[in-house]
Amino acid sequence: MSKSGNGNGDKVLYCSFCGKSQHEVKKLIAGPSVFVCDECVELCNDIIREETHETHEETEARLPTPKEISNFLDEYVIGQQHAKKVLSVAVYNHYKRLQHKSEDGVELGKSNILLIGPTGSGKTLLAQTLARILNVPFAMADATTLTEAGYVGEDVENIIQKLLQKCDYDVDKAQQGIVYIDEIDKISRKSDNPSITRDVSGEGVQQALLKLIEGTVASVPPQGGRKHPQQEFLQVDTSNILFICGGAFAGLDKVIRERSDKSSIGFSAQLKSKKSSNDEVSKVLGQLESDDLIKYGLIPEFVGRLPVVTTLQELDEAALIDILTRPKNALTKQFQSLFKMEGSELEFRDEALIAIAKKALERKMGARGLRSILENILLDTMYDLPSLEGVNKVVIDESVVNGLSKPILIYEQDEKKSASGSKD
């Protein structure tokens with residue numbers, strides 16, 4: 001026991017670990033025959049915290065295989081199997097390249113990705129889900145808001161600032177993150193010939209993005225401050241950031257047809273151009289070549305920095321119904337969870353799900369339109385439900401989706417009556 005006298009008859013207590021007296025520390029904690037000071041407790045906490053952090057980093061270091069990545073994507077994204085396979089391999093190779101620096105002197109190039117597919121086909125969700133499984137920072141940018149430096153609009157380096165914000169300005173983490181740039185087709189060059197006038201939101205932005213995507217050291221103001229000459233900038237190397245660009249590329253199928261069907265002229269060519277079902281468009285996009293993207297309006301250097309290109313198919317009715325019900329975070333499950341918090345069960349009948357999918361197809365918004373349709377259907381019920389008592393179940397059928405009737409509310413007393421009636 002760490003005790004001793006101080007000459008006045010009072011016993012002075014000492015820490016059993018560092019030997020400091022009770023007068024030298026803020027707090028001395030007593031245990032069975034031992035004492036420990038606040039400084040030693042803090043030191044022990046630091047040691048445990050450091051060891052836990054190292055163990056956590058070792059666990060995180062394991063890179064999932066392409067199959068594991070694809071299986072994880074299956075839990076959140078419906079369909080698009082070919083795109084999932086392409087993405088899984090590209091992402092696996094990218095992070096394997098970072099983990100194992102080449103020992104034989106072979107420099108491995110970065111495989112940035114271009115996703116081509118209609119609105120609501122799952123481009124953004126695929127990129128977000130990839131970042132989740134790999135546990136890396138993820139930032140999104142809209143290409144339509146970007147302009148060249150010096151013009152009114154968003155500077156391309158703001159993309160890196162968004163990435164830094166997602167990881168609390170940890171530069172090392174940000175340098176291994178994923179950036180998704182949406183609406184990339186909207187910055188295509190306005191014509192085949194380079195214009196003598198400035199194309200502030202077209203070719204100029206492609207040139208600015210080109211440096212960022214291929215790898216440069218971007219100067220970013222710390223903690224979201226504005227740039228000014230006296231400020232210290234954070235230096236972020238973008239060489240190892242994975243860039244995924246996405247866009248609908250409306251009319252790209254026509255560019256491909258023009259190239260592949262040059263032999264078809266006259267009446268037969270007109271017939272072919274009118275025939276544009278979803279399946280046929282998907283087949284045509286499957287024949288995509290780099291020259292088609294250049295013809296569409298992307299500059300050759302930009303196309304060259306996006307070596308992995310994959311297309312996503314437009315979602316049909318069956319896929320939209322699956323999206324409503326199957327994924328871990330399916331929309332119907334989300335709303336059912338909200339209603340459960342109010343003590344009510346939410347039921348969607350099969351014909352209601354079909355009607356919702358048909359509405360989304362009519363709006364040509366793909367999966368993106370599903371939430372707004374559901375919000376609209378359930379708005380009045382979500383407004384009234386917290387004020388109502390004894391609502392056990394809310395039922396949505398086809399007539400509710402089509403606006404012909406209101407959701408069916410089943411009260412607790414109604415269920416009791418039906419239960420007692422069945423007993424009689």
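Glycine too: its Cβ is placed from the backbone N, Cα and C atoms.
Listed in Swiss-Prot:
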- CYS15, CYS18, CYS37, CYS40: Zn(2+) binding site (BINDING)
- PRO118, THR119, GLY120, SER121, GLY122, LYS123, THR124, LEU125: ATP binding site (BINDING)
- 1-56: domain 'ClpX-type ZB' (DOMAIN)
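Structure coloured by features recorded in Swiss-Prot.
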residue : record              : DSSP class
CYS18   : Zn(2+) binding site : coil
CYS37   : Zn(2+) binding site : strand
THR119  : ATP binding site    : coil
THR124  : ATP binding site    : helix
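The Cβ neighbour count for THR119 (ATP binding site), using a 10 Å radius and every protein chain shown, is 17.
When the Cα atoms are compared, GLY120 (ATP binding site) and CYS15 (Zn(2+) binding site) turn out to be 65 Å apart. Summarised as a single figure, the pLDDT of the domain 'ClpX-type ZB' (1-56) averages 77. On a Cα basis, LEU125 (ATP binding site) lies 54 Å away from CYS18 (Zn(2+) binding site). When the alpha carbons of SER121 (ATP binding site) and CYS40 (Zn(2+) binding site) are compared, the span between them is 57 angstrom. Nearest Cα neighbour of CYS40 (Zn(2+) binding site) among the listed binding-site residues (PRO118, THR119, THR124): THR124. Each of the binding-site residues CYS15, CYS18, CYS37 was scored by the number of other CB atoms within 10 A of its CB, and the lowest score belongs to CYS18.
The Cβ of LEU125 (ATP binding site) lies under 8 Å from the Cβ of TYR76, VAL77, ALA367, each of which sits 6+ residues away along the same chain.
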